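Notes follow once the structure below has been shown.
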Ligand SMILES: Nc1ncnc2c1ncn2[C@@H]1O[C@H](COP(=O)(O)OP(=O)(O)OP(=O)(O)O)[C@@H](O)[C@H]1O
Ligand SMILES: [Zn+2]
């Protein structure tokens with residue numbers, strides 16, 4: 001019996017026909033995507049489109065087995081398709097591979113409606129949200145998936161039948177108050193974040209002197225505390241000075257004495273700061289004493305077995321109780337950290353001097369930047385009595401590395417195919433029940449899925465296919481023809497007052513019709529975007545008109561579906577607490593022509609990891625808010641976000 005003969009016998013002729021004919025979309029040709037594509041081809045799916053924006057990297061080869069060394073730098077989607085085709089050569093399968101971003105404007109509502117099933121094999125929230133919205137708008141079933149180390153999950157999503165990706169709140173990225181990072185660290189991660197997203201930027205990142213000065217002058221003019229501004233200016237000037245001297249022979253020593261000695265002494269002088277219960281005073285570090293082994297580090301703040309055995313400088317022999325451990329897994333002595341600090345400072349400043357136009361940034365795979373973060377984080381940790389970390393641990397923490405495990409990807413890809421079959425059979429009971437999870441303690445577990453959240457801002461809204469020539473159709477024509485004559489009349493609303501938005505922009509409202517004469521193109525509306533209607537009485541759910549290519553041979557400037565869909569009412573919102581102002585969206589009167597949405601084939605943004613964890617980026621938000629010497633407690637809501 002042929003390979004497909006087995007599948008046919010298993011599935012029965014009707015389901016097998018669906019498998020063969022249903023057009024399916026796979027988004028992402030990475031760890032899960034490669035496994036999935038292979039499975040789909042072997043099961044007999046014969047009409048597959050796969051899209052990925054990335055090219056193959058050496059680090060992909062350990063688990064993305066559709067790729068080989070000679071494929072490095074080639075398009076993931078194209079190579080994956082070319083390899084997978086050979087897995088079932090006799091089956092007459094058609095794989096359409098696309099090297100591109102799923103968010104491209106050509107991937108609009110009409111495009112997604114062309115699929116019977118969509119499968120996400122992505123690694124970031126942004127793209128997942130985008131595909132979820134498209135699928136919800138089109139009513140096309142989506143199978144969402146993700147893995148993080150040994151954990152993984154598969155979640156089928158079907159409009160009106162199950163919750164969607166946005167019905168469920170996602171875990172917020174881990175964040176730290178700025179003052180914890182800047183002045184009162186208590187855990188190794190606080191020191192790593194400080195080294196990576198504060199100190200590294202100050203010494204080697206973009207020189208923000210002009211911005212600093214301008215902002216501080218402005219704040220002073222606006223009446224901010226003059227002493228605080230003065231402190232901030234001094235702090236900025238001090239950093240500038242050590243930064244400029246970095247290339248000199250004693251450059252690293254000057255940085256050391258500023259950040260590990262003078263700054264700590266200044267903090268210690270702020271007595272009120274150390275009266276907070278539980279807060280432990282740091283101890284300034286001294287180069288000479290560290291080098292001759294006489295420096296006595298402060299005791300470790302946690303009652304842990306860890307020793308930070310810097311006192312005798314013999315850490316190198318006792319680290320982890322094992323001399324034979326790999327270099328990266330050995331904890332450095334205080335002296336070694338100091339030497340590594342000096343050495344990495346020299347390497348980085350040599351790079352900065354050789355290429356002044358290239359701004360250095362932390363990269364876990366760049367040894368110079370990793371060494372700098374390792375050494376400075378450990379030196380700071382020592383000053384604060386916090387346990388040190390090994391190079392391996394710092395790389396993992398600073399790089400937000402979650403190991404990708406091929407077996408988890410393979411299990412998840414198999415479960416995606418099982419759920420695809422359930423969806424094709426419209427076994428909604430089956431897709432609602434097994435929200436399948438892979439977990440090392442219980443290889444397969446299921447979690448009952450819930451109904452859509454009535455308040456979900458994605459799957460409870462209404463979406464309308466709006467085919468239009470954006471260079472011809474004006475906003476006024478849209479408001480009259482699509483909203484008043486088509487939508488409002490089907491709602492039996494004679495006096496329908498509404499606001500038109502695109503993204504966060506208000507294009508028109510009952511008192512603002514200045515844009516009515518402009519074409520949609522002039523307003524920056526293009527294929528793939530949505531015009532959203534909100535009624536003034538807030539009676540109905542938002543209605544999104546999804547811009548698609550004009551109909552062939554269209555004589556009018558737009559075409560609408562024959563029938564207006566049913567527009568549900570909004571759920572009744574609980575009364576806002578007394579005195580709380582209602583949020584007003586921003587009105588943009590003079591609209592900039594922002595049609596320049598350039599889509600890169602490489603991501604310019606950080607991944608947010610599989611499931612809801614992990615990322616390659618540590619974002620810094622407003623790190624400089626705290627004046628040097630003005631720490632106002634842990635409840636500071638300025639945060640440094642670890643995504
Ligand atoms: N907006 C997008 N459009 C198309 N493909 C995307 C988009 N965002 C992410 N992807 C693709 O999704 C895939 C996710 O796969 P995976 O999680 O294995 O990541 P990876 O980049 O291959 O591996 P790693 O991040 O571990 O190096 C990647 O190939 C990535 O290029
Ligand atoms: Zn939803």
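Cβ atoms here come from the backbone N, Cα and C positions, even for glycine.
What you see is a predicted model, and the numbers here were worked out from it, not measured in a lab.
The following features are taken from TrEMBL:
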BINDING   164, 167, 456, 459  Zn(2+) binding site
ACT_SITE  179  active site, glycyl thioester intermediate
REGION    296-324  region 'Disordered'
DOMAIN    306-395  domain 'Ubiquitin-activating enzyme SCCH'
REGION    598-643  region 'Disordered'
COMPBIAS  632-643  compositional bias 'Acidic residues'
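This view paints the features noted in TrEMBL onto the structure.
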residue: 164; record: Zn(2+) binding site; Cβ neighbours (10 Å): 25
residue: 167; record: Zn(2+) binding site; Cβ neighbours (10 Å): 22
residue: 179; record: active site, glycyl thioester intermediate; Cβ neighbours (10 Å): 20
residue: 456; record: Zn(2+) binding site; Cβ neighbours (10 Å): 16
residue: 459; record: Zn(2+) binding site; Cβ neighbours (10 Å): 24
Point to revise | Per-region confidence, the domain 'Ubiquitin-activating enzyme SCCH' (306-395) (mean pLDDT, whole number) | key: 84
Check your understanding: Out of 164, 167, 179, 456, 459, which recorded positions lie by ligand 2, with a C-beta less than 6 Å from some atom of it?
Key -> 164, 167, 456, 459
Exercise for review: Starting from the Zn(2+) site formed by 164, 167, 456, 459, give every other residue of that chain whose CB sits within 8 Å of the mean position of their CB atoms, in sequence order.
Suggested key: 132, 136, 157, 163, 165, 166, 452, 453, 458, 460
Check your understanding: C-alpha of residue 167 (Zn(2+) binding site) to C-alpha of residue 179 (active site, glycyl thioester intermediate): distance in Å?
Key -> 34
Check your understanding: How big is the Cα-to-Cα gap, in Å, between the residue listed as 'active site, glycyl thioester intermediate' and residue 456 (Zn(2+) binding site)?
Key -> 36
